[in-house]
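Per TrEMBL, the features are:
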- 1-383: domain 'Amino acid transporter transmembrane' (DOMAIN)
- 20-40: transmembrane segment (TRANSMEM)
- 66-88: transmembrane segment (TRANSMEM)
- 108-124: transmembrane segment (TRANSMEM)
- 136-157: transmembrane segment (TRANSMEM)
- 177-198: transmembrane segment (TRANSMEM)
- 219-242: transmembrane segment (TRANSMEM)
- 258-284: transmembrane segment (TRANSMEM)
- 305-325: transmembrane segment (TRANSMEM)
- 331-350: transmembrane segment (TRANSMEM)
- 362-384: transmembrane segment (TRANSMEM)
Amino acid sequence: MVGAGVLSLPYAMSKMGWGPGVVAMLLSWIITLFTLWQMVEMHEMVPGKRFDRYHELGQYAFGEKLGLYIVVPQQLLVEVGTCIVYMVTGGKSLKKFYGTVCPTCKDIRTSYWIMIFASVNFVLCQCPSFNSISAVSLAAAIMSIAYSTIAWVASLMKGVQPNVDYGYNSKSTADGVFNFMTALGDVAFAYAGHNVVLEIQATMPSTEEVPSKKPMWNGVILAYIGVAICYFPVAFIGYYVFGNSVEDNILITLEHPIWLIAAANMFVIVHVVGGYQVYSMPVFDMMETLLVKQFKFPPCFTLRLVARTLFVAFTMAIAICVPFFGSLLGFLGGFAFAPTSYFLPCIIWLRVYKPKRFSLSWIVNWTCIVIGVLLMTVSPIGALRNIIISIHNYKFFS
């Protein structure tokens with residue numbers, strides 16, 4: 001659950017201000033916990049059947065074809081988008097680590113660091129399934145808690161900066177509005193576990209006495225306590241200390257103590273390596289199923305090697321072309337994550353369970369849908385505008 005998006009939360013707060021920022025953070029935590037509960041409940045809502053993939057749940061709710069067309073593009077966008085963002089994060093964290101431990105060394109282009117980060121994923125992506133990456137996933141979970149803690153502890157140690165400013169740091173009213181929109185997407189990106197939750201629940205044994213939703217819900221509760229412990233201190237303390245001068249990755253803003261910031265960046269690298277595997281695994285599953293069933297390729301190691309290597313190379317190329325961490329988060333958070341995390345589970349719930357009109361369940365679900373649709377509409381507009389402005393001053397492959 002805790003992803004690299006946590007590093008951009010102080011920056012998102014700086015674009016929203018204290019009031020709207022705190023509301024957006026808390027509301028996102030509550031809504032996404034609610035929709036995650038819905039997905040865990042719906043995994044085995046039909047006796048004797050388990051919906052092991054998000055698109056299977058969509059097909060049950062909307063029909064075979066429509067369900068596929070609604071869910072699969074959204075899910076692919078989330079998973080491929082996250083992999084691209086993790087490429088950018090891994091490359092930039094490697095560069096920051098190198099610059100921190102060896103400040104006098106020759107500067108190396110971000111593009112090369114992204115390639116170095118990708119080389120690790122070329123190897124790890126050959127792991128066949130979720131179970132085979134459990135050790136990587138565990139290491140990633142520990143690392144995410146570690147670097148989140150370092151981010152807010154190091155901020156506290158630094159103390160509130162002289163002349164700290166909590167006002168909106170924008171050149172015009174329009175600039176402030178677009179930045180606010182992007183910030184909402186940054187927050188949405190931080191809550192992204194819904195896209196793999198059914199695949200993870202599918203790995204758990206289930207009986208009539210102990211259905212899989214019981215241990216899964218315990219895991220969700222533990223994960224969301226972890227989310228609160230990691231996200232809220234980083235967002236609020238980071239913004240409190242640096243105000244609107246904070247970078248889109250708080251670890252880049254922090255310079256001292258050197259050994260601690262170097263360690264935090266290395267933790268980020270380990271985490272995004274694990275995160276990349278988790279988010280790419282469902283894409284590999286879809287790709288290989290399509291190649292075997294539709295194109296009649298034999299299921300073998302060669303197929304896996306070629307297909308997965310091409311996917312990693314594709315995400316690496318996009319990351320090198322568009323390495324804008326904050327704006328990428330905002331765009332993907334709104335355009336891809338808002339539907340799958342904020343309101344698609346609510347639409348499926350309304351369609352399947354049909355709660356009585358104006359009942360508590362009906363009102364709560366429709367409230368989440370309205371908030372999610374607004375988020376999906378406004379945040380990509382702001383982020384796309386910021387990407388276009390950034391591209392004007394950016395030399396490709398520099």
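Cβ atoms are placed via backbone N, Cα and C, with glycine included.
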Contact set, same chain, for the transmembrane segment (136-157): CB under 8 Å, 6 or more residues outside the stretch: 2-3, 6-7, 10, 124, 127, 130, 226, 229-231, 233-234, 237-238, 240-242, 250-251, 254, 256-257, 260-261, 263-265, 267-268, 270-275, 277-278
Same-chain residues at least 6 beyond the ends of the transmembrane segment (66-88) whose Cβ lies under 8 Å from its Cβ atoms: 3-4, 54-55, 57-60, 114, 117-118, 189, 192, 195-196, 272, 275-276, 279-280, 282-283, 286, 311, 315-316, 318-319, 322-325, 328-329, 332, 335-337, 339-340, 344
Stretch-level contact, the transmembrane segment (177-198) and the transmembrane segment (108-124), CB cutoff 8 A, at least 3 pairs: no
Seg_contact(the transmembrane segment (305-325), the transmembrane segment (331-350)) with at least 3 CB pairs under 8 angstroms, min sep 6: no
Contact yes or no, the transmembrane segment (20-40) and the transmembrane segment (362-384), 3+ Cβ pairs under 8 Å, gap 6+: yes
For the transmembrane segment (258-284), sequence-distant contacts whose Cβ falls under 8 Å of one of its Cβ atoms, 6 or more beyond its ends: 3-4, 7, 53, 75-76, 78-80, 82-83, 86-87, 89-90, 93-94, 96-97, 100-101, 117, 120-121, 124-125, 127, 129-130, 133, 136-137, 139-141, 143-144, 146-147, 150-151, 154, 195-196, 199, 251, 304, 307-308, 311-312, 315
